[in-house]
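Notes to accompany the following structure.
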Amino acid sequence: MADEIRLRRVQVASSRIPTSTEILPIGHEWIYRFQKRHPELKTCYSRQLESNRAKEATPENIRAWFDAFRTRLIERKYELDDMYNMDETGFGVGTTQTGKQEWITAFECVNAAGKALSPMVIFKAQNTNSAWIPKDTPQSWQFSTSTNGWTSNSHGLEWLKRTFNKALADNDSLASPTRRYAKRMTRLVESQNAEIALLRKQLADAQEVIETRKKRTKGKRVKLQGQFVFSSEEVLKMVREAEEKPKEKKPRGRPRKRPIEELEEETEEEEPDSNSSDLELELDECVARRTRSHREN
């Protein structure tokens, strides 16, 4: 990079001077002298950039994003004091060898007007040790701990309560959409945590009742016949009665066969045929008498 900067400078100077200039190789002290001549420039460590970011970070895309952002500001009438950007950054402590560093994470937040909120620093420990904090540290800084020195959802919520909400409350300006939204989100998160705790307790109680009911009703059946149920109380009452009713004990072993009872066959006595013929003669005589009486009359 230093050689490229020097080459560009020589090219610019050569365009002004028609004579050719011989370019000598730079020395190892050139970069330090360059930094001394330009104190406004600072060095930083380079890091690997993803290919998608490198391809999409074009001047056209960046310009389009700022145009859309400016349009939204005008439509919603946002103030610069009400727009915040929060990010996290990590610092390696100790040896530079990979896998042997301890990380310290910091939450940082700045609004569009340039006002920075107090950071929150997360150490890798169980409890915060006051010996780790320098004496000249501002009182408004917040400190927390985690098992690995990284952030989590609980740390984000802690930062909102201890830093962000406090900074909004200390600001005496009029209410804004951002503040109203932050208050509403805080109330929702707190209410959801309370509801989750209640639901867990109710779920545990319901599971305990179900397990108890399964143990009691094992091997039993509730039989409802000829009854129309109008409410759940009647159903529960009938279930309890069925549970309290003792179960009939069945004899152990194989069921015995019932003995077959011998039945005596009844025989019908046959009547002589003479009786039937006598009856027929008597009926004929009765009919003849009745016909004679009718003729005489």
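Quick reminder: no glycine exception, Cβ is built from N, Cα and C everywhere.
Keep in mind that TrEMBL annotations are predicted by a computer and have not been checked by a curator.
Here TrEMBL flags 182-216 as coiled coil.
Per TrEMBL, the feature compositional bias 'Basic residues' maps to 248-257.
Residues or ranges marked as compositional bias 'Acidic residues' in TrEMBL: 262-285.
DSSP states for the domain 'DDE-1' (100-169), grouped as helix (H, G, I), strand (E, B) and coil, give 20 helix, 21 strand, 29 coil. Marked as domain 'DDE-1' by TrEMBL: 100-169.
For 240-297, the entry in TrEMBL reads region 'Disordered'.
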Against which stretches of its own chain does the coiled coil (182-216) lie, if we need a Cβ under 8 Å and a gap of at least six residues from its ends? 157, 160-161, 164-165, 168, 243
